[in-house]
Amino acid sequence: MPAERSPIDTAKFAAARRAVDFVQDGMKLGLGTGSTAAWMVRCLAERVREEGLRVQGVPTSSRTAELARELGIPVVTLDEARWLDLTIDGADEFDSEFNLIKGGGAALLQEKIVATASDRMIVIADAAKEVAQLGAFPLPVEVIPFGWQSTRMLIEEALIGLDVLGREVTLRRSGEAPLLTDEKNYILDLHLTRIGHPRQLALTLNQIAGVVENGLFIDICDTVVVGHGDGRVTVRDLGASRNIFADLGE
């Protein structure tokens, strides 16, 4: 690993390394997707290599699967694992109730399936990801390509009656073409600025024809590990007044 990192990378690495401490021998793990989750995969691989830690990893994207295999982490499918002990993943935003926005890496469908098939979900994030109210980060919604314009119109219509600010819905692109998820679906990003009732919004979106899944993770995350630019880490459990500070130096 590089000797010097930016404060943001230091925070991500610190959170990832602390979260990997929760992994025990013999566990079946959900491996998240994104820049912070990539640090976690590297830290996990280090424990596998140096400690002989025995784990099975279920990746939440083709990118994570490729990285895990390259680093020597045994990879299995969720169908093979059936149920997981722990999932560790990043988040684009989280609030005080550990509601999350995920999907900035376009892997929200597999991420949610894996997280809900786990006994526990730990989110790793830098301190900037904590918000008083969700909505500053665009909310991803995965939709099937067929009729996506109609699906977008239905989403825009549904937003009118909900407690949100901002109703712009855009198609995520990769260059000139629509971005494709691992399932060959599209992503619509909802630019809402504020989400008053995340649960209501999540339920409403998933009732719209053409919507596959949305990036709101409600009642799924149990623990958040927050990294700071100076290497400190805060571990927070939902419902417990517990803050653990640790200096994770190089």
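A Cβ is built for glycine as well, from the same backbone N, Cα and C atoms used for every other residue.
As annotated by Swiss-Prot, substrate binding site applies to Thr33, Gly34, Ser35, Thr36, Asp89, Gly90, Ala91, Asp92, Lys102, Gly103, Gly104, Gly105, Lys129, with the evidence given as sequence analysis. Secondary structure from DSSP puts Thr33 (substrate binding site) in coil. The 10 Å shell around the Cβ of Thr33 (substrate binding site) contains 29 further Cβ atoms across the protein chains shown.
Less than 8 angstroms from the CB of Glu111 (active site, proton acceptor) sit Gly32, Thr33, Thr60, Ser61, Asp89, Lys102, Gly103, each of them six or more residues away in the same chain. Annotation source Swiss-Prot lists active site, proton acceptor at Glu111.
Asp89 (substrate binding site) carries a strand DSSP state (E or B).
Cβ neighbours within 10 Å of Lys102 (substrate binding site), excluding its own Cβ and spanning all shown chains: 30. DSSP assigns Lys102 (substrate binding site) to coil, not to a helix or a strand.
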